[in-house]
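What TrEMBL records for this protein:
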type	residues	note
TRANSMEM	23-47	transmembrane segment
TRANSMEM	54-78	transmembrane segment
TRANSMEM	90-113	transmembrane segment
TRANSMEM	133-151	transmembrane segment
TRANSMEM	171-192	transmembrane segment
TRANSMEM	223-246	transmembrane segment
TRANSMEM	258-280	transmembrane segment
TRANSMEM	292-316	transmembrane segment
TRANSMEM	322-341	transmembrane segment
TRANSMEM	362-384	transmembrane segment
TRANSMEM	390-410	transmembrane segment
Amino acid sequence: MGASTLVRGLGSGLTGSLGDLTASFAAVTLVQVFLYGVCAVFGRVLVARQRLGALGWAPAIGELVGIGGLLAFMRLFQGHVSSAEWTPEMVWWLAGAATAGIAVQALVLAFAVWRSGPGTATLVAAWSVSRLFGGRSVTALVTVASYAVAAQVMWRATGYDEVSRGPGQTFVAGLASLVNALVVVLLPHALLTRPALGSVHQRVAAALQADDRAAAGRRFASGLAVPAVVTIPGSIALLVFALPIMGLLFTSKDPAEVLAGSTVLACLGPALFPMGIALLGRRVCEAVGAHWSAGALTAVLALTSIGVSVGAGFAAPEWATPLVALGLVLGNTLAAAYGVWVVRRRIGTVALAGVVRTWVRILLAGAGGGYVAWGLVMVLTRALGGLGRLGYAVILLIGGTVFVVVYLLVARLLRVDEVSVVAAPLVNRLDHRPPGRHRPGD
């Protein structure tokens, strides 16, 4: 009910249809305030009962639902649209996808609480419901405000007028381009990073329950280092292969739209690495009972996004959306740093020096693969870019193979042991030969 007032207070000039659309966007996302509070209460109960599995895969399921909604949005409303072309149906699909994902997460957590049976943990958690709702409500309101400010900046950049873009007018990436880039980044985050960090969270929580802070610190450090084997090169790959990825996945009548969308993806891709660290920090904060710190971590991301989005409003229109994407990278980086700081203060000693050294080695290996693949992508794009999706698929196949091979070779030279830790389960699953001398380590 207060969405219109909230939106009008966040920015000036939001009148007419644009103001109504932004108010509708805020109204749908404001439901997340209640849903986040519900998730917080159920999470508190599950932590008290030591039923931590659902805390890992419930957000992953919710995120997949949200991604599915975004994919449906892109399927139904293909192509770039200016702010004047947005309709209430588009707003409901885009904002409703994220809200539906959180609703599914709450339902999964509720089912997990019900399956855990009756217990005193429910009563223990019930007394703090109002406090949890208060903290999560403030966090959710700040997050919704960041959505509204970013959407306003991008809608301003693409123009209010009802007149279509002229033949000589520069293409401006807007909200649709950012949504496309978000889908590309969130898919590996949901399918790879979240499951890996879910097991780390359970091991850290088990160590804390046993009051073994040394083991908790070691497991947290391992959770910072091992997933980076995937997230750091993944961030580099999204930067290097931004153009062929967008050209393969998204169609457009205007080639300039693919180029603009790839610029947004190149700016947003590096967020894959800090997103994982921020997620782990948030989960461990909840495990140690630092619920306000977990909410503050999300608030750091949202406030940073708001600040960068406001600054992007003063930039050239074609750079507004890329700057908003960079704001998400910066926000996730600051949130990750804050989460690690809180966990270190709560747990105690965490061998961060070794973690940073591992990150540097992985970064060097990924940079080596990215440098070689980038040159190859430049050459192949000139030769095959005119073939459309087929050409981009060939570029990704050849360039991706070169990137992976060079990355693994350099990682081996730099003795990145975490690569073998990540690869071992996959190799063992694919190798169905019986144990013997042909199977090293058996």
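Keep in mind that glycine also has a Cβ here, set from the backbone N, Cα and C atoms.
Highest Cβ pair count under 8 Å relative to the transmembrane segment (171-192), across stretches 54-78, 90-113, 223-246, 258-280, 362-384: 258-280. Listed by sequence, the residues of this chain that lie at least six past the ends of the transmembrane segment (390-410) yet keep a Cβ under 8 A from its Cβ atoms are 233, 237, 240-241, 243-245, 247-248, 364-366, 368-370, 372-373, 376-377, 380-381, 384, 419.
Between the transmembrane segment (90-113) and the transmembrane segment (223-246) there are fewer than 3 Cβ pairs closer than 8 Å, counting only residues 6 or more apart in sequence, so the two stretches are not in contact. Counting same-chain residues at least six beyond the ends of the transmembrane segment (258-280), those with a Cβ under 8 angstroms from any Cβ of the stretch are 80, 171-173, 177-178, 180-182, 184-185, 188-189, 193-194, 197, 200-201, 220, 223-224, 227-228, 231-232, 234-239, 242-243, 245-247, 250, 252, 297, 301, 318, 321-323, 325-326, 328-329, 332-333, 335-336, 339-340.
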